[in-house]
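Reading through the structure tokens given below for one structure.
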Amino acid sequence: MEKLTILLLVAAVLMSTQALIQEKRPKEKIKFLSKRKSIPESWWEGECSGWSVHCTQHSDCCSGECTGSYCELY
């Protein structure tokens, strides 16, 4: 009887630990995704250039495409 009680207690602890771990994961994903800005926010704050603006590298453009020294449309 004592062995069964101990086994049930261990199982309960393991299940509650697993539930806590799974509960924290979605919060971490939300924090990661919320740190990223949308393309319009980046453009509005001047972090990237819009369409048909002079550029020197892909990262200069909000679309990520610098072709022929000008930003491409998305």
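One is the number of the first residue shown, and numbering goes on along the chain from there.
Positions of Cβ are set from backbone N, Cα and C atoms, glycine also.
Between Cys71 and the candidates Cys61, Cys62, Swiss-Prot records the disulphide pairing with Cys61.
Cys66 is paired in Swiss-Prot with Cys55, the candidate among Cys55, Cys62 named as its disulfide partner. Here the C-alpha separation of Cys62 (disulfide bond) and Cys55 (disulfide bond) works out to 11 Å. Take the disulfide-bonded residues Cys61, Cys62: by the count of other Cβ atoms within 10 Å of each Cβ, the lowest one is Cys62. Of all the disulfide-bonded residues listed here (Cys55, Cys61, Cys66, Cys71), Cys61 has the Cα closest to the Cα of Cys48 (disulfide bond).
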